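The structure appears right after this line, and notes come after that.
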Amino acid sequence: MKTSRAQRPAVELVALLFGALCADLSAKSSAVALPLLALSATGSAAATGVAAGAVGLPILLSPWWAPKARQWLTTGPRLALVMLCYAACTALLPVLDLLSALSAPTLFLSGLLIGGCAALVSPGRDAMLADIGDAIGPGKAASALTWRELISRSTMIIGPGLGALAVAAGLLHQMLFIESAALLLSAALALPVRRTNRPSRSEAASGARRPGTRESAAAVKKQASPEKSQSAGQLLASFRGRPKIVRGLIIRGTACLIWFAFVLGMAIEGYRQGNPGVLYAFGVTGYGLGSVVGIPVVRALAGRLPLLKVAGSGWALNGLAWILMAWLLSPWGFGVGGLLSGFGAALGFVSVTREITNTSSGPDRRTLLAVQSVVVESGGALGLLIGGPLIALCGVGPMLFATGALLLAVAILAAALPIRPDAPAQSTQTRQTHRVSRYGA
């Protein structure tokens with residue numbers, strides 16, 4: 001049976017979300033394999049975060065090299081091409097280890113290649129999902145990205161447990177090959193998606209403009225060729241007049257920077273206790289479950305409570321949870337701490353993503369999501385790069401305590417400090433889009 005024109009955007013949305021589910025589940029399952037592979041190959045705890053840390057360098061530099069490529073990713077075949085490269089780079093790591101060629105330099109090089117692909121795939125797919133949501137109807141863009149976040153966090157419930165079982169069975173290489181195969185499947189599911197930066201059906205029928213926007217011939221021309229107007233400076237300039245989003249991303253960037261204390265800490269401590277993968281499975285499963293519970297809470301609070309109050313409170317709880325885990329270096333300690341941490345983090349990251357989605361559209365939304373991706377991915381990867389040596393120097397418990405206290409302080413300050421009254425407001429557009437978002441959700 002052929003898909004009707006009206007049904008096609010919904011089918012494309014489901015295909016992209018299912019592809020993301022496959023890729024995320026395999027990535028969460030194999031995430032513990034990489035530090036353990038590095039630890040067994042090099043014998044050094046300091047090398048555990050080299051590959052993951054190197055991923056962040058291309059992402060950090062992406063405002064200078066990736067804007068045109070990101071604006072180019074408006075069709076499924078183009079996204080599939082980048083994901084094909086992503087799959088090949090992921091398979092490179094186990095191949096190098098099988099050839100006894102895995103070392104700190106090759107880990108770093110592999111991370112650079114993976115990071116180059118990740119810098120394009122993550123924001124490109126999110127923008128594509130939001131554009132398809134726009135084509136379905138008003139408010140559906142925010143709902144599409146919320147489902148994307150929910151899928152990502154849900155895989156944390158199942159993935160780490162599968163990873164722990166695979167580690168116990170000695171299947172480190174196979175886990176990474178499975179991740180590569182899942183990326184290939186995700187690429188195949190993206191192939192049928194047509195050009196996505198199109199107006200919604202209601203807008204196309206009425207010719208209406210989005211609330212709060214002004215159009216001119218020059219603006220239309222600029223939107224028609226966004227890749228010609230993007231630069232590194234404009235990526236940052238897009239956040240002017242959005243102080244709440246800026247502060248939210250400051251807290252989120254801090255949380256991503258210190259993420260290493262959680263994931264590397266569990267992998268290293270489990271290895272030292274003679275149970276590799278067990279602590280990681282408890283902690284990340286708890287984190288995923290907490291995130292899944294937290295996402296509907298944010299949806300219920302959207303538009304009812306101030307963004308910074310929700311985001312700051314969530315990440316403050318995240319910091320407190322890490323302090324708790326510092327004193328309880330056990331499976332249940334990481335499980336309960338991960339549960340609280342995931343719930344708090346969900347309050348933060350979903351609030352910021354919804355604010356970005358609800359106050360932007362088209363090329364501007366792609367730019368904002370790209371900057372958010374740079375903050376998240378590069379911050380996390382930079383932390384992983386320096387985290388191994390720091391944990392080797394200080395120990396898992398002290399590092400969890402210090403990073404939890406840092407996140408708690410940043411969250412409280414960013415949420416409590418007053419916003420300058422002369423900051424440009426977005427009241428008209430924000431009020432209208434929040435109303436649509438609650439209806440669309």
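In case you wondered, yes, glycine gets a Cβ from its N, Cα and C as well.
Note that TrEMBL annotation is computational and uncurated.
The feature transmembrane segment is assigned by TrEMBL to 41-66 (among others). When Cβ-Cβ distances below 8 Å are used as the criterion, the transmembrane segment (41-66) is approached by residues 34-35, 93, 97, 102-104, 107-112, 114-116, 118-120, 232, 235-236, 260, 264, 267-268, 370-371, 373-374, 377-389, 391-392 of the same chain, each at least six residues removed from its ends.
Per TrEMBL, transmembrane segment is recorded for 78-96 (among others).
What TrEMBL lists as transmembrane segment is 102-121 (among others).
Annotated transmembrane segment per TrEMBL: 150-169 (among others), in sequence order. Using a Cβ-Cβ cut-off under 8 Å and counting only residues 6 or more beyond its ends in the same chain, the transmembrane segment (150-169) has close neighbours at 17, 20-21, 24-33, 36, 175, 276-278, 280-285, 287-289, 291-292, 295, 342, 346.
According to TrEMBL, the transmembrane segment annotation covers 175-193 (among others).
Residues or ranges marked as region 'Disordered' in TrEMBL: 200-229.
Through the fold, the transmembrane segment (249-271) approaches residues 31-32, 35-36, 39, 45, 48-49, 277-280, 282-284, 287, 311-312, 315, 318, 322, 325, 329, 334, 338, 341, 345, 348-349, 352, 371-372, 375-377, 379-380, 382-384, 386-388, 390-391, 396, 399-400, 402-404, 406-407, 410-411, 414-415 of its own chain, all at least 6 residues removed from its boundaries and within a Cβ separation under 8 Å. Per TrEMBL, transmembrane segment is recorded for 249-271 (among others).
Taken from TrEMBL, the feature transmembrane segment applies to 277-298 (among others).
Residues 248, 251-252, 254-255, 258, 261-262, 283, 294, 298, 301, 334, 336-341, 343-348, 351-352, 397-398, 400-401, 403-412, 414-416 of the same chain lie 6+ residues outside the transmembrane segment (310-328) yet bring a C-beta within less than 8 angstroms of a C-beta in it. Residues or ranges marked as transmembrane segment in TrEMBL: 310-328 (among others).
Taken from TrEMBL, the feature transmembrane segment covers 334-353 (among others). Outside the transmembrane segment (334-353) by six or more residues, the chain places 145-146, 149, 153, 156, 245, 248-249, 251-252, 255, 262, 266, 279, 282-295, 297-299, 302, 307, 310-318, 320-322, 324-325, 328, 372, 411 with a CB less than 8 A from a CB of the stretch.
TrEMBL lists 374-393 (among others) with the feature transmembrane segment.
Within the same chain, residues 243-244, 247-248, 250-251, 254-255, 258, 261-262, 265, 308-309, 311-316, 318-323, 325-327, 348, 387, 390-391 sit at least 6 positions outside the transmembrane segment (399-419) and bring their C-beta atoms closer than 8 Å to a C-beta of that stretch. Under the heading transmembrane segment, TrEMBL lists 399-419 (among others).
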Can you work out whether the transmembrane segment (374-393) touches the transmembrane segment (102-121), with the criterion being 3+ CB pairs under 8 Å where the paired residues are 6 or more apart along the chain?
yes
At a threshold of under 8 Å on Cβ distances, which of 78-96, 175-193, 277-298 pairs most often with the transmembrane segment (102-121)?
78-96
For the transmembrane segment (277-298), could you work out the same-chain residues 6 or more beyond its ends whose Cβ comes under 8 Å from its Cβ atoms?
28, 31-32, 36, 146, 149-150, 153-161, 163-164, 166-168, 262-263, 266-267, 269-270, 310, 314, 325, 329-332, 334-347, 350-351, 354
